[in-house]
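Under the heading active site, phosphoserine intermediate, TrEMBL lists SER65. Annotation source TrEMBL lists Mg(2+) binding site at SER65, ASP277, ASP279, ASP281. Look at TrEMBL and you will find GLU371, ALA372, ASN373, ARG499, PRO500, SER501, GLY502, THR503, ARG508 tagged as substrate binding site. Taken from TrEMBL, the feature domain 'Alpha-D-phosphohexomutase alpha/beta/alpha' covers 52-85, 103-168. Taken from TrEMBL, the feature domain 'Phosphoacetylglucosamine mutase AMG1' covers 179-284, 298-437. Here TrEMBL flags 456-527 as domain 'Alpha-D-phosphohexomutase C-terminal'.
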Amino acid sequence: MAQFEEVSKQSILHPKPAGLVLHYGTAGFRSNSIHLDHIMFRMGLLAVLRSKKTKSTIGIMVTASHNPEEDNGVKLVDPMGEMLAATWESYATMLANAEQEELISALNEIIEKEGIDKSPEASVFVGKDTRSSSASLSQAVLDGVHALGGHSKDYGLVTTPQLHYMVCCKNTQGKYGDATVEGYYKKLCQAFTQLVGNASNRTDDQKHLCVDGANGIGALKLREMISHLNKGLQVTIFNDGSKGKLNHQCGADFVKVQQKTPTGIQVNPGDRCCSFDGDADRIVYYFTDSQQVFHLLDGDKIATLISTFLKELLIQAGLNLKIAVVQTAYANGSSTDYLENTMNVTVRCTKTGVKHLHHAALEFDVGVYFEANGHGTVLFSKAAEDKIQQLAQDSRIDDERKRAALMLQSTINVINQTVGDALSDMLLIEAILAIKGMTVEQWDRIYTDLPNRQLKVKVSDRRVIDTTDAERRAVSPAGLQEAIDQLVKTYRKARSFVRPSGTEDVVRVYAEADTQESADALAHEVSLAVYRLAGGVGDEPKPLH
């Protein structure tokens, strides 16, 4: 490639700091923004190679999601809007950490290993969030794309899920939708309007929703989207970025972890509220009751609401499709119990991490997946979509089946199937609540979460912990699982598991039981077992009470 000369020339303008090593994980690269200029340039190069390899458009999103404002990051988007293939994550890490003089040979190594034909044109879509560092960092990405002769389309400020959507639209030749922000709003909002047409006598109160935009891109894009909703939703946006700091004491992660309403939001008891995270790929709902008690409706409650709605529609439509909810070990035991025993819905448990959930959801006709943190979506198989469409167009069926089929069609169109999407998930939840005539309090009462506690134990090497059964059982060190089993037996409705952190030398402990006191005590006792059997460092864990 004659372009290698251009890469050498340009890479001098994006030098790698000596000794800096970063790894591409589930969330791509994330670090303080001052360390990322060379990474962005090199990910532009990698996206060109990935585009040539797949003969498709690849996406690059500049964001650090729910991290503090001074951080930034980058993730690549594969052809169908999914996350970068795991095999290419190691190339990303290798390229990011290559010293300046090794960069060309690192590129050549990828080209040879993957047998990449250099002749196809490369196409890369680029988006960024609202961080002050995002403008210069996304320019570094574009420099990388152009240095290797790739074509780019710069979408500027978009949410992460919007960029995933654009990539999918482009690579399906428009079958999934129009690859513009305007096209995204039109598709989702038309489907939402059709869905809520099935709700009877909605009052203005029922249409009202308070949204915490985390002072990020989600607030900006929600404001743009509202004009397409024909007054079908009345939204008050708080933390819209006009004065607060991104993700600071606000956003989905803050609300989930702190179990309280974000700063900068004024609400009355019973008001329905939701929070997005910094790049709008997560959403959680909540309200405060008349006693000023805070109630969180997290990813488990969202998955339960959506899967219950879909299961009812499939029954009404007379469609024999296999629906499942995919959870991780962190899903509350009450949600699993309700889904399996009350709703008769299949529940599949996978390892923690969105890509594991997404992969498992693909095995069903309808796969609903949400992490407890509010990141999730619904996947419909091609066969399921075809059956629903055929039924919706069948003139011989009765009105009830027809209505259910049309509602399923609108539901498919309101969902962004490429990735968890706060805007899309919000529209779906609002439509379901409207159709069911359900308040946020009634939704919360579907089941009561078992009290739980999460703790961390510092260890000298997290790799001593090895797990099986979707991280629910420890295989090593010897004796640890037996100790956990014995401890769990001493409490009612109890379970506990431990798993190594993906990023630091700590072991994460989860425990739930029939009371908060029991959950806290169990979590502490399991932490002690981890400390003693898995090489804990520092002081022994102290009781919580």
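Each residue, glycine too, has its Cβ placed from N, Cα and C.
Bear in mind that the values here come from a model prediction, so they are computed numbers and not experimental data.
Geometry remark: GLU371 (substrate binding site) versus ASP277 (Mg(2+) binding site), CA distance 14 Å. In sequence order, the binding-site residues near the residue listed as 'active site, phosphoserine intermediate' (Cα within 10 Å of its Cα) are ASP277, ASP279, ASP281, drawn from ASP277, ASP279, ASP281, PRO500, GLY502.
You'll find the Cα of ASN373 (substrate binding site) roughly 14 Å from the Cα of ASP279 (Mg(2+) binding site). Long-range neighbours of GLY502 (substrate binding site) (same chain, six or more residues apart, CB within less than 8 Å of its CB): GLY25, THR26, GLY353. Residue pair ASP277 (Mg(2+) binding site) / ARG508 (substrate binding site) shows a Cα separation of 23 Å.
Take the CB of ASP277 (Mg(2+) binding site) and look out to 10 A: across all protein chains shown you find 32 other CB atoms. Ranking the binding-site residues ASP279, ASP281, GLU371 by how many other Cβ atoms lie within 10 angstroms of each Cβ puts GLU371 at the bottom.
ARG508 (substrate binding site) and ASP279 (Mg(2+) binding site) are 26 Å apart (CA-CA, integer value).
Counting only same-chain residues at least 6 apart in sequence, those with a Cβ under 8 Å from the Cβ of PRO500 (substrate binding site) are ARG462, ARG463, ILE465, THR467, VAL506, VAL507, ARG508. The DSSP breakdown of the domain 'Phosphoacetylglucosamine mutase AMG1' (179-284), given as helix, strand and coil counts, is 40 helix, 16 strand, 50 coil. Residue with the densest Cβ environment among the recorded positions SER65, ASN373: SER65, by other Cβ atoms within 10 Å. Take the mean position of the Cβ atoms of SER65, ASP277, ASP279, ASP281, the recorded Mg(2+) site; other residues of that chain with a Cβ within 8 Å of it are THR63, HIS66, THR159, THR160, GLY216, GLY218, ALA252, PHE276, GLY278, ALA280, ARG282, HIS375, ALA422. Around the Cβ of ARG508 (substrate binding site), a 10 Å sphere holds 20 further Cβ atoms from the protein chains shown.
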